[in-house]
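Asker: TrEMBL lists these features:
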type     : residues : note
ACT_SITE : Glu101   : active site, nucleophile
ACT_SITE : Glu105   : active site, proton donor
DOMAIN   : 21-215   : domain 'GH16'
CARBOHYD : Asn109   : N-linked glycosylation site
SIGNAL   : 1-24     : signal peptide
Amino acid sequence: MTSSKVTVMLFLSFFVTSMMAASAGNFYQDFDVTFGDERAKILNGGQLLTLNLDKFSGSGFKSKNEYLLGRIDMQIKLVSGNSAGTVTAYYLSSEGPTHDEIDFEFLGNLSGDPYTLHTNVFSQGKGNREQQFHLWFDPTKAFHTYSIVWNSQRIIFLVDNIPIRVFTNLETIGVPFPKNQPMRIYSSLWNADDWATRGGLVKTDWTQAPFTASYRNFKVSTTTSTSTNSLTEQSAWQTQGLDAAGRNRLRWVQQKFMIYNYCSDLKRFPQGLPVECRRSRF
């Protein structure tokens, strides 16, 4: 091998390594603190972010960039111990009265009782599409990956790459679908003890404060992202749906761990369930 070829190969290796470092999720580069001042901390050179809640304030952050369709992954370790009354929110949202939004919200509970994972989808300012789950693991013991796949056909909510919910684009039958408004990523840790735990019956125990949620390994793949994944991996989200194995995993989660589904709430919708509830969502 000639010296010129060696030089080129070394240069390419350095370039790829540099690109990988530059495009890896970094909280300094990718996010701004929105409230809470020193209660939101970026650590380890931008690789870790913690949000804290005390009796005086919670804290939060948002992405510097807006995204229109893509895949978003974030590893989160939730508030441990007695987290009753607290909410850790992680979601995509646009702005304005007709905003779009895709929600993960983690509702705290008494020590030993499970978290409630609350999901919702807003389009053109209208939500009321709640599904809630318990998790099949303790989300306070270690980091777990919470993902949103958002393409023009569907929205898929995933936990550790296991689908828990699919919201399908049914615009053809008049159901609004969020695909035209760019959204930012938001997260916050805040006190919601008027409703979060058992409908507000269990209040926040401030002797346990400060409460802390931790974040790492943020990844985003969009049509404009500089992901170091292969082109196939970068574009997979654009048409991603569920294969037979994915549908089986979704059914397993919804049969074993779903605790509320607006599509089953006949008392809430006495005039008839929303039209999307009568159609397949895979």
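A Cβ is built for glycine as well, from the same backbone N, Cα and C atoms used for every other residue.
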Asker: Check each residue in the chain of the residue listed as 'N-linked glycosylation site' that is at least six apart in sequence and keep those whose C-beta is under 8 Å from its C-beta; list them in sequence order.
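Answerer: The answer is Ser83, Ala84, Tyr115, Thr116, Thr197, Val202.
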Asker: Within 10 Å of the Cβ of Glu101 (active site, nucleophile), how many other Cβ atoms are there?
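Answerer: For Glu101 (active site, nucleophile), the count of other Cβ atoms within 10 Å is 18.
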Asker: Give me the count of other Cβ atoms within 10 A of the Cβ belonging to the residue listed as 'active site, proton donor'.
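Answerer: There are 19 of them.
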